[in-house]
Amino acid sequence: MGKITFYEDRSFQGRHYECSTDHSNLQPYFSRCNSVRVDSGCWMLYEQPNFAGCQYFLRRGDYPDYQQWMGFSDSVRSCHLIPHSTSHRIRIYEREDYRGQMVEITDDCSHLQDRFHFSDFHSFHVMEGYWVLYEMPNYRGRQYLLRPGEYRRYHDWGAMNARVGSLRRIMDFY
């Protein structure tokens, strides 16, 4: 079971809302979110209702302002508690629809292009575990949650292009 608390003001001040499950619409509970405390679990926050818009991965810890979770604004409108998984396996492909070169990964990779020499990554097949995909190397830039399943093209994981710089397993205990 996870637990996350959203605060309207920075440094855990102002009106707050405690949550322990997925929420598709947080708007009734607070108008803005400037700080977050994650007591347990791993969470994906979304700027828009219904798990849409920019995504932000948070694990246990304190985030006194939205820049701490690489947020672009104080807008958090939905959240998803990420299930715990013990094993991780993902296949990445050079082209859409699982074409081109394929590489299977079971660990984090801070710089995909250096490691595999592809210029773009157009499709993914998540066999086991949950992953966070980052737009830039060293776990920076826009973030995307990858759940077990198939992602035939970058639109399937919510991206505007096939630029992928790094990939990290979600491995936090409750």
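Each residue's number is its place along the chain shown, starting with 1.
Cβ from N, Cα, C; glycine included.
Summarising the annotation, Swiss-Prot assigns domain 'Beta/gamma crystallin 'Greek key' 1' to 2-40 and lists sequence analysis as the type of evidence. Counting residue by residue with DSSP, the domain 'Beta/gamma crystallin 'Greek key' 1' (2-40) contains 3 helix, 21 strand, 15 coil.
Assigned with DSSP, the residues of the domain 'Beta/gamma crystallin 'Greek key' 2' (41-83) fall into helix, strand and coil as follows: 4 helix, 22 strand, 17 coil. Annotated domain 'Beta/gamma crystallin 'Greek key' 2' per Swiss-Prot: 41-83, in sequence order, evidence recorded as sequence analysis.
The region 'Connecting peptide' annotation in Swiss-Prot covers 84-87. Across the region 'Connecting peptide' (84-87), DSSP helix (H, G, I), strand (E, B) and coil residues number 0 helix, 0 strand, 4 coil.
Residue counts for the domain 'Beta/gamma crystallin 'Greek key' 3' (88-128) under DSSP, split into helix (H, G, I), strand (E, B) and coil, are 8 helix, 21 strand, 12 coil. Feature annotation from Swiss-Prot assigns domain 'Beta/gamma crystallin 'Greek key' 3' to 88-128; the stated evidence is sequence analysis.
For the domain 'Beta/gamma crystallin 'Greek key' 4' (129-171), same-chain residues at least 6 beyond its ends with a Cβ under 8 Å from one of its own Cβ atoms are 42, 44, 52, 54-57, 59, 70, 80, 82-83, 85-90, 92, 96-98, 105, 107-114, 120-123. What Swiss-Prot lists as domain 'Beta/gamma crystallin 'Greek key' 4' is 129-171.
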Across the domain 'Beta/gamma crystallin 'Greek key' 4' (129-171), DSSP yields 4 helix, 20 strand, 19 coil
